[in-house]
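Some notes on the structure that comes next.
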Amino acid sequence: MNFFLFILFLSSINAFYLPGLAPNTFCRMQTSDSKCKTQIEVFVNRLDSVESVLPYEYSYFDFCTVIDEPSPVENLGQVLFGERIRPSPYKFKFLKNVDCKLVCKKKYTSSDGKQQKFLKRLMKGMVLNYQQHWIIDNMPVTLCYLNSENKEFCSRGFPIGCYVTKRGQTKESCNIRDGKNDTFYVFNHLDFEISYHSGQGETWGTTFGEDGGRIVAAKVQVSSLKSETCERNSEPIMFQSTVAEVEIPFTYTVSFKRNNDIRWASRWDYILKSLPQTHIQWFSILNSLVIVLFLSGMVAMILLRTLYKDIARYNRIVDNINEEDAQEEFGWKLVHGDVFRSPNKGMLLSVLVGNGVQITIMSLITLIFACFGFLSPSSRGALMTCAIVCYVLLGTPAGYTSARFYKMFGGGNWKKNVLMTAIACPGVIFGIFFILNIVLWANGSSAAIPFTTFVALLALWFCVSTPLVFLGAYLGFKRHALQNPVRTNQIARQIPEQSFYTKPLPGIIMGGVLPFGCIFIQLFFILNSIWAHQYYYFFGFLLVVYIILILTCSETTILLCYFHLCAEDYNWWWRSFLTSSFTAVYFFLYSIYYFISKLEISDGTSTFLYFGYTLMLTFILFLFTGTIGFLACFWFIRKIYSVIKVD
């Protein structure tokens, strides 16, 4: 009961918000001082699309830019996610409404090849519905509209334009009505509405009162206007794919709205609450929690009850010297002389388990930080940065675990073991990432990381993580080898012929079903956050799922391991790892289903990138779940063979 209440407490942790940044206070120019800003900076970020995996920088589409202003410093996570935050020529003054202002004018002529190239990019961006992402006071500029379900949806991005297909179809966020078929409409005019919490009556606003405030929302409406004076009855800027010349003026209006109903600390709520299907989280998690806890309880009861009877029977047989006919061993005790026989390819297994321990601890620490709000959506790139830093600093547990198991297996090539632990699994991830980065670089995507970032990653790997792995391995090899509770026979026992259900492959395939069933609902939201560019902030739920996944992997692997031992099959080392790690195979299959049913990706490059990134995630999940199952089974077998009496 206490555990159930603890799980419910964790699932409620999804509303903590620790921005990590002090609020910015703005005021009119007449009352401005060092603590109160007048100018509101507007930053632009990368452009992305749900129909393509390739994000692009703002300047890729030849929008209005500034050259002489420095860009904000980006952390490692932002760079890896392809975020490229740049200053914009859009400058606002607090509480100063602007009716119409021309920012710049772009003209594309048929005689200029470079201009035609930019025009083709613009048209392709409208076909794929690329979204702009702007930032005001560390808040996303949102576009709010009624979706197909007639509910208000606030998107953190807004489209660069609208393409009306040959059949007259448009995207959901397109506000063009009665548009011509096979025509492009550029959204060159932006109407900004900035809501603020007034400083009147607040302790932080005593010096300026209603002449100052804190920004709590930034919304935009897009339109296509041919007029440079922002006339509402102006014709839209429209052209077809065969056009050779076009002129586009970029204009904007801005208005300020007082809204004291929203506090600065809760200003993200209207964005997060409008995310589609977030209400499903409560029902799905509670439903999964009840089912999994019920199944886990049944598995635990069956195992404990069965094992208790087995152990009591075995010990009673040994103690009773008058029952010579009953001394013939049967069941899992029969293989006590072979159950701790070293596995084939023990070095590889120890390397995988060591890296799995590193990933397990890293994910746990990252989730805990996220649950307490340190990795909220306002802290851009913090989640990835935290994960990488934790992974690098946790090289010592990886080396220690790998060394302990390798020494127990009787391995003597410790140098190779340490190098494999430090290089093999990270090398697989880095190799896939390097290939994907080449593809991104060839396509001019902003997700292609710079050379300096590559150098930084290599430095973290070889100059920080690898020495820590060596340190952990040194500590592991320095200790005595783990002592098994029973002796291993010199001659291996022959394994009897197994039935279909006790053969390794069926058990491995079945072993991943229940763990995957615990996480597949959360996987939908996680994949949405990655590929549909939505915010994910249910880290309390995710921590609950994380705990459930660990319990389910452990109990499922223990249960299947027990059945195989009862069938006198003592080759459990690799099977325990592969049983729970098969969850990753189901994840990969689900990713294929998600790609086919949810995404609208059609080009080969995006498809290659999608499955490349999916392969990386699959490998990480493979190491994580496999390690959990292996360690649980290792503990279980040592426990049961340490409490029975062996002749």
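All positions are counted from 1 along the displayed chain.
A Cβ is built for glycine as well, from the same backbone N, Cα and C atoms used for every other residue.
According to TrEMBL, the features are:
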- 1-15: signal peptide (SIGNAL)
- 282-304: transmembrane segment (TRANSMEM)
- 348-375: transmembrane segment (TRANSMEM)
- 381-406: transmembrane segment (TRANSMEM)
- 418-442: transmembrane segment (TRANSMEM)
- 454-477: transmembrane segment (TRANSMEM)
- 508-531: transmembrane segment (TRANSMEM)
- 537-565: transmembrane segment (TRANSMEM)
- 577-596: transmembrane segment (TRANSMEM)
- 608-637: transmembrane segment (TRANSMEM)
Recorded stretch, among 418-442, 454-477, 577-596, 608-637, maximising Cβ pairs under 8 Å relative to the transmembrane segment (537-565)
608-637
Mind checking which residues reach the transmembrane segment (608-637)? Cβ under 8 Å, same chain, six or more beyond either end.
53-54, 339-340, 349, 352-353, 355-357, 359-360, 363, 425, 428-429, 432-433, 435-436, 439-440, 511-512, 515, 530-531, 549-550, 553-558, 561-562, 565, 572-573, 576-581, 583-585, 587-588, 591, 595, 599, 601
Given 454-477, 508-531, 577-596, the one sharing the most C-beta pairs under 8 Å with the transmembrane segment (418-442) is 454-477
